[in-house]
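Trainee: Per TrEMBL, the feature domain 'FeoB-type G' maps to 4-143. Sequence annotations record features per position, and here TrEMBL assigns domain 'Nucleoside transporter/FeoB GTPase Gate' to 260-354. The transmembrane segment annotation in TrEMBL covers 195-215, 255-276, 360-380, 417-439, 494-515, 522-546.
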Amino acid sequence: MQSFVLMGLESAGKSTLFNILTESAASDERNFRGSTVVCREGLINDAGICLVDTPGIRFQSDSETTKLALDALNQHDGILVVLRATHAQQEWQTLCHLIPPQAKHVVILLTFADKIRKGLLEVTEYLSETSGAPVLAVNAREAGSNVRQGIVQLLLQDKPAPSAVSLPRQKIPVINLLAEFPQQTIFEHRWCGKVAAIVCLFLLFAVPVWGAWLLSDFIQPVIDSAVIQPLKNITTSWPDVLKTLFVGNYGLFSLGLYSFVWAFPVVVLIGLSLSLTDDSGLKERITATLDPWLRKLGLSGQDLIPVLSGFGCNVVAVFQSRSCSRCTRHACISMISFGSACSYQTGATLSLFNAAHQPWLFIPYLSLLFFTGAIHTRLWNGSLKPGQNQRLTEITWLQWPRWRNVTWMLKNILRQFITQAMPLFLIICIVAGMLDYAGITRWLSETTAPLLHLFKLPAELMPGIIFSLLRKDGLMVLNQDGGSLIQSLSTSQLLLLVWLASTLMACLVTVFTIAREINWRFAAAVAGKQVLSSLVVALVISQLFIHEA
């Protein structure tokens, strides 16, 4: 089957075109033809073409990543170059040298054609003459079946395009182009922009996470009484090993459904928020505004989106880090693993603080997590130098989101969660269930309990910390006996307990996901660095604020 690869700068409209051409059919994300580049793949069914969407290019290192995918093409494949009509000449200069010599079919699409008031025909003719490829100008947001059919016909043309590698040696003509410019907003204000971006981010992510937590908290008792308890009654006469695997503390039915109830609402609401901000152009404005600050942590503005998504589900956030640049993805995953409190962790923390009658501790805990997470990322990954990986793209237009595009993006996020995240949850349920049945978990907690004396904590707290390594709400095991054990702790001891349980290591599902996305060596390195950072902070807290033995 012939393949066409979409390439272009970020926010050029590639994803919208991908959804139009594939008619929002199911798509998969995988390494393209053995390369290290994760691309989205779908089918244009009526043309028999496989369409591949490469990551949008923001920095120079991204163009190197895209080139790895393009080099995997053969002579039967083609390239669909997506350029913004408002910056077509400059973007073509940036991208043309990435086209490999074996790519014989090239098609150029100009998006945002509606933003050009004068000179669109001249730009189209220039690109057509220079590249020898067919050029079509479209308004992707308003594109209908006629536009789609026109693009498909260009893809089916059996007309090879000559190599465009000679373009950089050609002089770019001056074209009298009159175009609209993106509107200026408060985000571009020198002093107020960053504050506005932070407030906006808080509303866009904290509100969905909080709403999802309230919804899950309401649904959980219903599921317990209507589903889990009847299943436990059915399995009463089953062998112990089967009862443990299906309805035990880490059972497929008990823990599996629990995981779904707490994760799915977060994924839906966060996905909806991401889709709305992405299609409206708001996400681009926020990330561009905060980019200078985040570069000091070794991140870019775009990396902030997966980090914030991690406050819903770390696994989904690791998947979303695929949108990060190659030079910053490792730092982003490190920040997710350490500093993003997932919905399980948030729920368990609030539950524990409430049981100890100290709910106000959640704000100091979250602040400590945020600041130490930033320091952890900066120390282990370094900062981006001022001249390193400068953005190749400019801010885009703000516009009202279209429901068609929002549903396309949301459907892809949900499909990714169902097909990739949930199977990992279920696998971990089986592993944790077997460990629990064999008594390994209890033995491990009893063996390591004396280590807590180093942090001036009672040894009885170790089971909660051990269980939290398997899943982040494992800490709630300490709520037993009405929370009498945690109520006996001082404020500093309670904060330190929650700190160790939540930051000592990411949950097993997240570790497995990182290993699958990158490799096991990187996952082990992330876990080791996180253990060291967590223990150092814990020792500081115990020495400064805990005086009782």
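Placed from the backbone N, Cα and C atoms, the Cβ positions cover glycine too.
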Trainee: Mind checking which residues reach the transmembrane segment (522-546)? Cβ under 8 Å, same chain, six or more beyond either end.
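Mentor: Tertiary neighbours of the transmembrane segment (522-546) are 330, 333-334, 337-338, 368, 372, 376, 379-380, 454-457, 490, 492-493, 495-496, 499-500, 503-506, 511-512, 514-515.
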Trainee: Which residue counts does DSSP give the domain 'Nucleoside transporter/FeoB GTPase Gate' (260-354) for helix, strand and coil?
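Mentor: Its residues fall into 77 helix, 0 strand, 18 coil.
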Trainee: For the transmembrane segment (195-215), give me same-chain residues lying six or more residues beyond its boundaries with a C-beta closer than 8 angstroms to one of its C-beta atoms, as numbers and ranges.
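Mentor: Residues packing against the transmembrane segment (195-215) from afar: 186-187, 189, 265-266, 268-270, 272-273, 277, 282, 285-286, 289-290, 304, 308-309, 311-312, 343, 346-347.
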Trainee: With a Cβ cut-off under 8 Å, give me the same-chain residues at least six positions beyond the ends of the transmembrane segment (417-439) that come close to it.
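Mentor: Result: 240-241, 244-245, 248-252, 255-256, 259-260, 263-264, 267, 313, 315-316, 319, 470-471, 507-509, 512-513.
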